Amino acid sequence: MKVTKSEIVISAVKPEQYPEGGLPEIALAGRSNVGKSSFINTMINRKNLARTSSKPGKTQTLNFYIINDVLHFVDVPGYGFAKVSKTEREAWGRMIETYLTSREELKAVVQIVDLRHAPSQDDVMMYDFLKHYEIPVIVIATKADKIPKGKWEKHAKVVKETLNIEKEDRLILFSSETKKGKQEAWSAIEQMIAR
């Protein structure tokens, strides 16, 4: 998809704040600081529409971005960050669960993991949650530029095995620095929207 227009629509915390209009939605989920904002900015050719932060746990709302007036990206709060209170974590958990399990416009979740490391227990729980609710998922392993090309396959195998990725689910190696995987990610997203 050639992105010519993108903007943030709303930062929502409850269903009545979600945008109306019935556009398909792709949610982006991942551990805090895994590079979700960089992924969004790379996909839409913008430097900082999605704010990148060195402070993990910065996104505390569901941020809806409209792309070319045909689709929403929904940035979900990062999971697995310890420096917020248990109450806050539980509130985020409920907000995310409500959105993921009840939003009709949701077509798929892009789950972002760090290619350099084996997925965390939180990553595994998120993937299992999506499979349990039969929510289509695309796994994006980001920061591919940070490891030598010769080791990509080995790292990808660790991601696949740790998450126990099912055959029908795509694993795409991605880098916001080099734009590797950008076209492949768009084509996977477009397939999900067309379903």
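Cβ coordinates are placed from backbone N, Cα and C, and glycine is handled just like the others.
Here's what Swiss-Prot has on this protein:
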DOMAIN    22-195  domain 'EngB-type G'
BINDING   30-37, 57-61, 75-78, 142-145, 174-176  GTP binding site
BINDING   Ser37, Thr59  Mg(2+) binding site
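Least crowded of the binding-site residues (Lys36, Lys143), judged by neighbouring Cβ atoms within 10 Å of its own Cβ: Lys143. The Cβ of Thr61 (GTP binding site) lies under 8 Å from the Cβ of Ser11, Ala12, Val13, Pro77, each on the same chain and at least six residues away in sequence.
For the pair Gly30 (GTP binding site) and Ser37 (Mg(2+) binding site), the C-alpha distance works out to 10 angstrom. Taking all protein chains in view, 26 other C-beta atoms sit within 10 angstroms of the C-beta of Gly30 (GTP binding site). A count of other CB atoms within 10 A of each Cβ picks out Phe174 as the most crowded of the binding-site residues Asn33, Ser37, Pro77, Phe174.
Under DSSP, Pro77 (GTP binding site) is assigned to coil, being neither helix nor strand in the three-state scheme. Ser37 (Mg(2+) binding site) and Phe174 (GTP binding site) have their C-alpha atoms 13 Å apart, to the nearest angstrom. Annotation note: Lys143 (GTP binding site) sits in a coil segment as assigned by DSSP.
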